[in-house]
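Asks: Encoded as structure tokens, here's the structure I'll be asking about.
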Amino acid sequence: MPKKFQGENTKSAAARARRAEAKAAADAKKQKELEDAYWRDEDKHVMRKEQRKEEKEKRRLEQLERKKETQRLLEEEDSKLKGGKAPRVAASSKVTRAQIEETLRRDHQHKESPDPAEKAKSHLEVPLEENVNRRVLEEGSVEARTIEDAIAVLSVTEEAVDRHPERRMRAAYTAFEEAQLPRLKQENPNMRLSQLKQMLKKEWLRSPDNPMNQRAVPFNTPK
């Protein structure tokens, strides 16, 4: 009886080696695909993060600009009120105090030495320039078609400034919030922003800076 072959079959060994090599190559390829997919996802995540950061910064700058513009408008309005100036109003044509005084002066000169062609007319019969003054107030519009009307408009302007303080509520509250919110944050560091804003609104209701706490002048108040 012949002896069994004790050595390794070279063909079987070669086949196993090829299978192992193919499996290793397949595993390496799969691992590379997984790594590539991971880095692609990571890149997308980084890009989204950067995009959100840029959008947040853009919103912050826009909000800062709006606050600056609101503060500028509020300071401009306060400056006009302190200086006794009439507020700017939309109108198709405006008459300033200087123009009215100039019109009165010319009218006075005209009465003293009238033109021969105008002797038959009094200064009240000579109309002013069309739409000489049209002042659009917050409650409506007031037109000055004569010198007397124009003077009356100027005389009631200062009274009309604060008849409706609620018109300035939004700008005043924004300025109040910018001034007081940092103080509340410092005094209450553990509170959330929503809680701080609730406290701020309560202070605003009692604040003398609140236009609603200032005495409002009725629209038809007699002089």
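Cβ atoms are placed via backbone N, Cα and C, with glycine included.
The following feature annotations were taken from Swiss-Prot:
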COILED    15-82  coiled coil
COMPBIAS  18-74  compositional bias 'Basic and acidic residues'
COMPBIAS  99-126  compositional bias 'Basic and acidic residues'
MOD_RES   S141  phosphoserine
MOD_RES   S194  phosphoserine
REGION    1-126  region 'Disordered'
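Show me how these features fit into the shown structure, please.
Replies: The compositional bias 'Basic and acidic residues' (18-74): residue composition by secondary structure is 57 helix, 0 strand, 0 coil, according to DSSP.
Here the Cβ of S194 (phosphoserine) has 7 other Cβ atoms within 10 Å, regardless of which shown protein chain they belong to.
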